[in-house]
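**Student:** Take this structure, written in structure tokens, and hold onto it; I'll ask about it next.
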Amino acid sequence: MLKNQDLDIERKQEHIEINLTKNIESTLKSGFESIQFIHNALPEINYDNIDTTTTFLGKALQAPILISSMTGGTARARDINYRLAEAAQKAGIAMGLGSMRVLLAAADTIKTFAVRHIAPDILLLANIGAVQLNYGVTPKECQYLVDATKADALILHLNVLQELTQPEGNRNWANLLPKIREVINYLSVPVIVKEVGYGLSKQVAKSLIDVGVKTLDIAGSGGTSWSQVEAYRAKNSLQNRIASSFINWGIPTLDSLKMVREISKNVSIIASGGLKSGIDGAKAIRMGANIFGLAGQLLKAVDNSEYLVSEEIQLIIKQLKITMLCTGSRTLKDLTKAEIKL
């Protein structure tokens, strides 16, 4: 029988392959397609003076972009993370690491997550599933993940539906809020709570804010459907049918963004889930996000070369800057007031 860490590594290998080769898109849309910017034909701004810089979690970013968490723990994942880190360093944007539970069981997997030597200046986010706090992971171990990778913050991801569509997934989701509070109080860095593609509701966001969470990654539906990923991993027809039945589950990203921003003007929001371009990112900023995250198209590019992922990031940044010029927005603050049609 495979040990837990071997199962983790096998699952990560399968996840990469499925994400690269299968259609695992949610049937729901992110919602950003319903927003239209009002074109400004005379912006009276020099394109070269467009300013996409921002500060997030105390780090300066050249653009409000996060390479969302993808992978780790395998040789292929190491290559992917190294290329992503190099691209993030070049562009001056943030990067999230994939789930790091395997590192707590297999110390040698650190080489697949350790990218700080490649990207000394980026905002780097360590990552582990929040549910692992119910399965023995301690605040001290969470701090270890941060220290081992020299990360600037820790993501606790919420992946309840994904876990329940895995035959080996974790089932106990009770009493996590007090444990999340403990991690927040223990860690030397900020804690981000993130969904993985089904969105954060108003009620969940309020509960998290009430225990001290100051940064949320809403990760709504409209992009990768992890139940579809698990459907491809299913070992029998029953598992496949259970996972496949949730392809249209979740809160579209735009709806989640509106819900969370409605209950708090102060919480920092990362908008991710189904964003495909810098235009979508601009819409997310306009609707209240501080920064936006992308993963799917970057994974497909980075599996081939660092050059291709850097090119994809430059495309996204140029789309954002052109959108800003064509809405008369010289800065990201200006963009939050751009005229739109819903």
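Using N, Cα and C of the backbone, Cβ positions are placed for all residues, glycine too.
When I checked Swiss-Prot for this same protein, it listed these features:
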| type | residues | note |
| --- | --- | --- |
| BINDING | Arg11, Lys12, Ser99, Met100, Arg101, Gln162 | substrate binding site |
| BINDING | Ser68, Ser69, Met70, Thr71, Ser99, Asn127, Lys194, Thr224, Gly274, Leu275, Lys276, Ala295, Gly296 | FMN binding site |
| BINDING | Glu163 | Mg(2+) binding site |
**Student:** List, in sequence order, the same-chain residues at least six positions removed whose CB sits under 8 Å from that of Ser68 (FMN binding site)?
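**Tutor:** Gly96, Asp217, Ala219, Ser272, Gly293, Leu294, Ala295 - these are the non-local Cβ neighbours of Ser68 (FMN binding site), listed in sequence order.
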**Student:** Indicate whether Lys12 (substrate binding site) is helix, strand or coil by DSSP.
**Tutor:** helix
**Student:** Find, for the listed binding-site residues Met70, Met100, the residue with the lowest Cβ contact count at a 10 Å cut-off, counting only other Cβ atoms.
**Tutor:** Met70
**Student:** What does DSSP say about Lys194 (FMN binding site): helix, strand or coil?
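**Tutor:** Going by the DSSP assignment, Lys194 (FMN binding site) falls within a strand, counted as strand.
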**Student:** Looking only at C-alpha atoms, tell me how far Arg101 (substrate binding site) is from Lys194 (FMN binding site), rounded to the nearest Å.
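**Tutor:** Each residue's Cα considered, Arg101 (substrate binding site) and Lys194 (FMN binding site) end up 16 Å apart.
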**Student:** Find, for the listed binding-site residues Gly274, Gly296, the residue with the lowest Cβ contact count at a 10 Å cut-off, counting only other Cβ atoms.
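**Tutor:** Candidates: the binding-site residues Gly274, Gly296. Fewest Cβ atoms within 10 Å: Gly296.
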**Student:** Rank aside, I only need the closest one: which of the binding-site residues Arg11, Ser99, Met100, Glu163 has its C-alpha nearest to that of Met70 (FMN binding site)?
**Tutor:** Ser99
**Student:** Gly274 (FMN binding site): which of the binding-site residues Ser99, Met100, Gln162, Glu163 is the nearest Cα neighbour?
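**Tutor:** Closest candidate to Gly274 (FMN binding site), judged by Cα separation, is Gln162.
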